[in-house]
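In Swiss-Prot this protein carries:
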BINDING   Asp33, Glu57  Mn(2+) 1 binding site
BINDING   Asp85, Glu88, Glu213  Mn(2+) 2 binding site
BINDING   Glu88, Gly89, Thr90, Tyr119, Lys164, Pro165, Arg166, Asp186, Gly187, Asp188, Gly210  substrate binding site
Amino acid sequence: MRRELAIEFSRVTESAALAGYKWLGRGDKNTADGAAVNAMRIMLNQVNIDGTIVIGEGEIDEAPMLYIGEKVGTGRGDAVDIAVDPIEGTRMTAMGQANALAVLAVGDKGCFLNAPDMYMEKLIVGPGAKGTIDLNLPLADNLRNVAAALGKPLSELTVTILAKPRHDAVIAEMQQLGVRVFAIPDGDVAASILTCMPDSEVDVLYGIGGAPEGVVSAAVIRALDGDMNGRLLARHDVKGDNEENRRIGEQELARCKAMGIEAGKVLRLGDMARSDNVIFSATGITKGDLLEGISRKGNIATTETLLIRGKSRTIRRIQSIHYLDRKDPEMQVHIL
């Protein structure tokens, strides 16, 4: 990919974040997400790429979402696959809580695992523990191996995990080992990036979250030279084996089979992101551990964006000032 595309993709996540921010704290996560989707699509279609959404917001019949298989861009330029999460943390945006982001990852054609929208077990570490993780092993063994690689005792190891009932037993297990556990309400993409940031105290991300978010995480972890294992899980294996969950879970398993993916098999980082020639952009909507949130006074807004180019392993933090009433009219509808 041409390196100048990076700044174009930062504009895409900035616009999605500004659109989502318009609905900050209003209790309507679906409207916030829809606004971010529309803004992201408008900006993507202005970029000189022949792009295909491979991780998106829904299936082909679920417009106006950015659906899997949708073509974006002008059709001229590099052929790329795109993984999007227009708002990573829709509930946090709706409730005015921390760590909401607009996220985009772009790679060469065939770069990303075309994961179904289902659950994924994830284990992520930074460069210092690369090659030490294996989801086939018990979690305790993995944590000991990571701690050894980092040259620290378990008592100094920090693990981030989503604060969900399904993780209660795992959190207790880790705390009994002496590990420090940060339980966060949502937003495991941001938490996964923190494992690879030099100034972060987070060593490990573990837990069960969304598979699409897992592929987005894999893209940025590959770009930052970290490591990740994933395992696709059917809904009834995560949420409980009742009739409804079983019905949905069987549909997920059928989709995996049709896509040639084996659920329950451990996926390595190279299975999910097959190249480090990726561009990742994330813009903060609300203030968080990774990025500042949007600040807006009248028609002037300030954003902070994390822009990573994997091929050169360049990490940029971009602070931008936006005069919203100077944006294109079709964008003003979503951000003003």
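Just so it is clear, glycine is given a Cβ too, placed from its N, Cα and C backbone atoms.
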Checklist line | Gly187 (substrate binding site) to Glu88 (Mn(2+) 2 binding site) - Cα separation in whole Å | finding: 6
Notebook entry, point to check: Out of these binding-site residues, Gly187, Gly210, which one has the fewest other C-beta atoms within 10 Å of its own C-beta?
Noted result: Gly210
Next item on the list: Within 10 Å of the Cβ of Glu57 (Mn(2+) 1 binding site), how many other Cβ atoms can you find? Include all protein chains, please.
Entry: 24
Check: Cβ-Cβ under 8 Å from Glu88 (Mn(2+) 2 binding site), same chain, 6 or more residues apart: which ones?
Finding: Ala100, Leu101, Ala102, Val103, Gly187, Val189, Ala190, Glu213, Val216, Ala282
Notebook entry, point to check: What's the longest C-alpha separation between any two of Glu88, Gly89, Thr90, Tyr119, Lys164, Pro165, Arg166, Asp186, Gly187, Asp188, Gly210, the listed substrate-binding residues, in angstrom?
Noted result: 20
Check: Looking at the binding-site residues Glu57, Lys164, Arg166, Gly210, which has the shortest Cα distance to Asp85 (Mn(2+) 2 binding site)?
Finding: Glu57
Notebook entry, point to check: According to DSSP, which of helix, strand or coil covers Gly187 (substrate binding site)?
Noted result: coil
Check: Which of Asp33, Asp85, Glu213 (the binding-site residues) has the most other Cβ atoms within 10 Å?
Finding: Asp85
Next item on the list: Note the Cβ centroid of Asp85, Glu88, Glu213, the recorded Mn(2+) 2 site, then list each other residue of that chain whose Cβ lies within 8 Å of it, in sequence.
Entry: Ile87, Gly89, Leu101, Val103, Gly187, Asp188, Val189, Gly210, Pro212, Val216
Next item on the list: List, in sequence order, those binding-site residues among Thr90, Lys164, Arg166, Gly210 whose Cα sits within 10 Å of the Cα of Asp33 (Mn(2+) 1 binding site).
Entry: Thr90
